[in-house]
């Protein structure tokens, strides 16, 4: 990757005031710290989300877990070990029936179909607009980043500087999964067609199979005249099917619809991104107004651009990375030649991180939130074949105190990030703790602390008067009131390693 040639440049804003919560609807109960990122390397963002941060456009924020009304725990799924649950299979089959037969059951949506986080509610949209206006005057900063010295060179100065108020240092478009979605025609008994046999409960089917086995044993030869022992039953087929097999079932030639998934980089110089930009923006507005009840002014083209197109992540490529590279992308779902859904994702060194999903309201009953998550898990597995360490799918935040958001825990196996030690803990071990308390230290080892806690504030990098320097050197040059408490707070949240790589803007 880019290494010392690229810097992350941020402005830290803290955040002492509470604002509206998009989950419990408290007007002042949501608390978080935030910073504006002018530019960011994918490795720095990977390390930040592994410390509980998350981005909304170029604004990167971290909930104050012990204070906020609805604690938000970073959740990741082990993509390589993922097996779809019964509810996931139901969603995949529903989509396949729609593609092959055109079946669309209006007004039916299950809780598993909730979309990915509405992060513009999480991060406080009014606060974001103020930050955006405040930072626009500094947009030229990242243009000079290539002229900055390397991190190693800057830290040589830190080694000679006396630490200030801190301890001394201890040692082409990509077609996803073959592009066109293929699915088999539904078997009798599925769907809403009244001319077909009604759906039957699994309990009834198991009871019937037990009776068949008993009859077979009574016949003495153990072989039923109607069921061949070498042919698995439909339920056995479903149990052995992988996620990819559900997605890539072959379509009949006379399918009612054609679904294609395209991966497009978020880049205003990319022809395909620009060719679909207006259609994508209009779809976002439709979704926000119909699903979230937004006013048209809240989902304008400028808001769409700020929220889902302006990304601080620089596109990067590495010899051992995925062919599409790292950075921000739109995964577009094209149905019969038009965009019906868009999943916004970040491809990072060890994960695919889900940012947002929006879709056409007419297809609300297809549970597109869950369907897109399943597609993104399959996409993560595909990328892992090219980049072995890229093996996780991040679903954003898990909010146990909000029952509507617990569906993310259904993507197993998954882990939650401990808000104190920043180690991953399996969700099965976390649920009992969160049942008892909204906030919990998920790692139960009392001797374990934050391995990347701030050890030497003097080594944190700052950008002062367009010059990169360690904080120890900056503090000697600075005139006026001390900002050590603010910088200490920032460094404790990003951790020592990030503090020594990320440039903190100082005016």
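Think of each number as a place in line: the chain as shown, counted from 1.
Keep in mind that glycine also has a Cβ here, set from the backbone N, Cα and C atoms.
Unlike curated entries, TrEMBL annotations are predicted automatically.
As annotated by TrEMBL, domain 'N-end aminoacyl transferase N-terminal' applies to 20-90. The annotation region 'Disordered' is assigned in TrEMBL to 146-240. Marked as compositional bias 'Polar residues' by TrEMBL: 163-184. Annotation comment: TrEMBL describes 201-216 as compositional bias 'Basic and acidic residues'. The compositional bias 'Low complexity' annotation in TrEMBL covers 223-236. Residues annotated as domain 'N-end rule aminoacyl transferase C-terminal' in TrEMBL: 281-418.
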Helix, strand and coil totals (DSSP H, G, I; E, B; other) for the domain 'N-end aminoacyl transferase N-terminal' (20-90): 16 helix, 24 strand, 31 coil
Counts by DSSP class (helix H/G/I, strand E/B, coil) across the domain 'N-end rule aminoacyl transferase C-terminal' (281-418): 55 helix, 42 strand, 41 coil
Arithmetic mean of per-residue pLDDT over the domain 'N-end aminoacyl transferase N-terminal' (20-90): 97
